[in-house]
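Per Swiss-Prot, signal peptide is recorded for 1-23, and the stated evidence type is sequence analysis. For 32-126, the entry in Swiss-Prot reads domain 'Cystatin', with the evidence type sequence analysis. What Swiss-Prot records for 45 is N-linked glycosylation site, and it gives sequence analysis as the kind of evidence. Taken from Swiss-Prot, the feature disulfide bond applies to 94-104, 117-137, supported by similarity to another entry.
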């Protein structure tokens, strides 16, 4: 019987270490929760630029969209920074297949379309790394 108990020591120790490590990781990842903080202009601009580029790449629309307004911005520190943003975006007059123009005016005719999007973006700003984790848009 003692031999069986010795044989279980290492697996049980490994299980204990795994549980402790996972508890620490989960604690770190949820450190503080989302907060409405004044985000640096540079970080929010690069995050919104990443968002709209991702949205345009995934969209089946012929026209490009641009961010019209940041409605709400929250951030949470994890292993990087998670941004929970709500933005209003609008369809522009620039087509996707055209050479990118410095300025794309918004549609003003029957093609006018605005969306409210709520997105979760993971970022490691000091490494210029962004990933769109979740996005949901509805017509406004």
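Cβ atoms here come from the backbone N, Cα and C positions, even for glycine.
Here the Cβ of residue 94 (disulfide bond) has 20 other Cβ atoms within 10 Å, regardless of which shown protein chain they belong to. For residue 117 (disulfide bond), the nearest of the recorded positions 45, 94, 104 in terms of C-alpha separation is 45. Per-residue pLDDT, averaged along the domain 'Cystatin' (32-126), amounts to 91 for this model. Put simply, residue 137 (disulfide bond) is 21 Å from residue 104 (disulfide bond) when counted between their Cα atoms. Helix, strand and coil residue tallies for the domain 'Cystatin' (32-126), in that order: 20 helix, 43 strand, 32 coil [DSSP].
Long-range neighbours of residue 45 (N-linked glycosylation site) (same chain, six or more residues apart, CB within less than 8 Å of its CB): none. Comparing residue 94 (disulfide bond) with residue 137 (disulfide bond), their Cα atoms are 20 Å apart once rounded. Around the Cβ of residue 137 (disulfide bond), the number of neighbouring Cβ atoms within 10 Å comes to 15.
Residue environment of residue 104 (disulfide bond) contains 18 other Cβ atoms, counted within 10 Å of its Cβ in all protein chains.
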